[in-house]
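**Q** Input: one structure, supplied below.
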Amino acid sequence: MTSPPEIGGQEGIGVAVALVVLLVTFGSLVAAGMTMLNALIGVGAGMAGLYALSGVISLNSTAPILALMLGLAVGIDYSLFITSRHRQHLAEGLDPEESAARSVGTAGSAVLFAGITVIIALAGLTVVDIPFLSAMGLAAAGTVAVAVLVAITLLPALLGFAGLRVLPRKARRAVAAARGAAPKHASSVVAASDSAGPGKHEAPLPTGSPAAADPAAADPAAADSTIGDPTAAAANGRNAAPAAANNRNAAPTAGHSAAAAGRETVAASAGRETVAASAGRETEAATADAPLVGGLFGSGKEPFGFRWARWIIKARIPVLIVGILGLGLLALPAANMRLSLPDATHASPGTPERAAADLITEGFGQGANGRLAMVVSSDSPQQTAAAVQEATQRLTGTPNLVSITPPNFSQDKRTALLAIIPKDGPTAPSTETLVHDVRDKVAGIRDADVSLTGQTAVGIDVSERLSDALPIYLALVVGLSVLLLMLVFRSILVPLKAALGFLLTVGTTFGITVWIFQEGHLAGLVGVQTPGPLVSFLPIILIGILFGLAMDYEVFLVSRMREDFVHGADAQQAVVSGMGHGARVVTAAALIMTSVFAGFVLIDDATIKAVGFALALGVAVDAFVVRMTIVPAVISLFGRAAWWLPRWLDRALPNVDIEGEKLHRQLEQEPAERETVSV
């Protein structure tokens, strides 16, 4: 490593806030503590491996802090998703061991998909071919990989060991009572309100129901839900049971299942009308279990996610106008974004490098901290001396150039080194202009090689190279997101909408970060004492990380919308159902991510402060403004067209199972005592 990472206790504040969010979300100290413990073990293992590798590879001081930051955030988030699904299954009556296994088979698949997406985006930084950036990307990707592995291996073991203690005390008593009153070959099933995105809330199917005998016959729309045009499947479902589809507006579904052949779902809400979600779905079981739902999870008040989705649908046009224009305006400062590598003049006050830089500035001017090194070499001492004289003459009168020091010659006199002192500091625009002017003027000197180097020149070159690579990398990331989401959602408009939303997130994050850290507005609120250009690798790192997280939230929210649509729900009710069931966990996950990243803003290092702020802001904007506000408004506006996919393309695309759909089909085909239906 070039220098040891400066990690103190400030980032622990973000972890503490994340723990509070987990406590509020789960209502159980055991569940919250186990989720946090699993994440800490994962990031600890990842950091240990990173420090072991530092003996054989070179890492800059930012790499381990970035890896720690990202490892903590995704470790907690991924554990949250699996633990939430496990609690649902426990409430449904499954044994802890079976529940943990199913949670990994369903939510664990989504976690694996999300983790691989982040890893690919970070590993893709190697295409820029800048060694320190490649090392940073691979270090962060390695930490994420360890966090994913720990989440799908160690966490299930911990959950199985904890038993029912991951549920609140009241829920444990209700589950125990339900188990005691359950028939021998069936158990009452309850869907937990802390749904983990697009999940499957299963309950034993009535033994004599038509759905148990032939799920495909009970739901003809579901039988073809994973192939062909999803709008056609939805139309079939609505034709088979128009009354059921129309009644969906009366009560949101409380279950959660993926679009799959033969999946039987039942919408239930305590004290409200129970409605079948598709043709042939049985409602008696849900009606019988309604009192238990209220006893386990409250009085049956409609969750905020449902109410928020309905408001979004009613005001979708104003929401889209305000949301898109607002984010567009916030992104405007990004047009003036300037990049540079960190230098001593922007180090934290009180550090030795900053103290030395301040003394140099006081005694010799700002340019003394940004001196450039000009190297002249040739085959003979005479040619070198002549080239030095010619280069000096050419540079006389160059704007922003204060002085050129006398040359220092090598022992053989064939190489000369001169120092060029600029007028302004190393990150000033005038210094960047001077570098280009000097190179242009000394180009073409005969019989000698003249080059310009030094930390200032290298920083400018790296920043320009990253700026040139940024549009290409962004295009690759956006293209990858469209392809992946097209496989997941079997749609054209939904992936395009997701990609445009990601661009809004990135633009807004860049704009606000530039406005504060570069232009100095409200800089004191985040502890920025010396505004200046953004660190050159921040934009490309930010794109890679936010891409993975944005796709994660998109999948968890929109999967349920598609599922309900292909099972017969109208487009508007599908939006309500998807938001209602996914909003709580996505909100908790985003708050945790934001808290962890924001904790690093408290570190007294300008680079880490900017990275932490940008990531925290990006996650908050993407989750709360783009995914939970603009996305449902757009899908509601397009209606059925949002889910259209040409049949030829649907046949050509492979089916991607990221929610354990095959596992659920297998469970549904087992003997009657193990067949289940969502409540």
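For all residues, glycine too, the Cβ spot is worked out from N, Cα and C.
Any TrEMBL annotation is an automated prediction that lacks curation.
Feature list, courtesy of TrEMBL:
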TRANSMEM  12-32  transmembrane segment
DOMAIN    29-161  domain 'SSD'
TRANSMEM  39-59  transmembrane segment
TRANSMEM  65-83  transmembrane segment
TRANSMEM  104-128  transmembrane segment
TRANSMEM  140-164  transmembrane segment
REGION    187-266  region 'Disordered'
COMPBIAS  187-196  compositional bias 'Low complexity'
COMPBIAS  210-224  compositional bias 'Low complexity'
COMPBIAS  231-261  compositional bias 'Low complexity'
TRANSMEM  317-335  transmembrane segment
TRANSMEM  470-489  transmembrane segment
TRANSMEM  496-517  transmembrane segment
TRANSMEM  537-558  transmembrane segment
TRANSMEM  585-603  transmembrane segment
TRANSMEM  615-638  transmembrane segment
**Q** At a Cβ cut-off of 8 Å, and with pairs 6 or more apart in sequence only, do we get at least 3 pairs between the transmembrane segment (470-489) and the transmembrane segment (39-59), yes or no?
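**A** The answer is no, given that the two segments have fewer than 3 Cβ pairs within the 8 Å cut-off.
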**Q** Who are the chain neighbours of the transmembrane segment (12-32) in space, where the CB to CB distance is under 8 Å and they lie at least 6 residues beyond its ends?
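**A** Distant Cβ neighbours of the transmembrane segment (12-32) are 72, 76, 80, 83-84, 87, 162, 165-168, 171, 194, 584-585, 588, 591-592, 595-600, 602.
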**Q** Does the transmembrane segment (140-164) reach the transmembrane segment (317-335) with at least 3 CB pairs under 8 A, where each pair is 6 or more residues apart?
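**A** Contact criterion not met.
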**Q** For the transmembrane segment (317-335), find every same-chain residue at least 6 residues outside the stretch whose CB is under 8 Å from a CB in it, and list them.
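**A** Result: 504-505, 507-508, 510-512, 514-515, 518-519, 621, 625-626, 629-630, 633-634, 637.
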**Q** So which of 39-59, 65-83, 104-128, 585-603, 615-638 is most in touch with the transmembrane segment (496-517), counting Cβ pairs under 8 Å?
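**A** Counting Cβ pairs under 8 Å, the winner is 615-638.
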**Q** Which one, 39-59, 104-128, 585-603, has the most C-beta pairs under 8 Å toward the transmembrane segment (65-83)?
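**A** Per the Cβ under 8 Å count, 585-603.
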**Q** Let me spell it out: take the transmembrane segment (39-59), skip the flanking residues so only those 6+ beyond its ends count, and list any with a Cβ under 8 Å from a Cβ in it.
**A** 1-2, 67-68, 71-72, 75-76, 78-79, 131-132, 135-136, 139, 142-147, 149-151, 154
**Q** Averaged over the domain 'SSD' (29-161), what pLDDT does the prediction give?
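**A** The answer is 88, the mean pLDDT of the model over that range.
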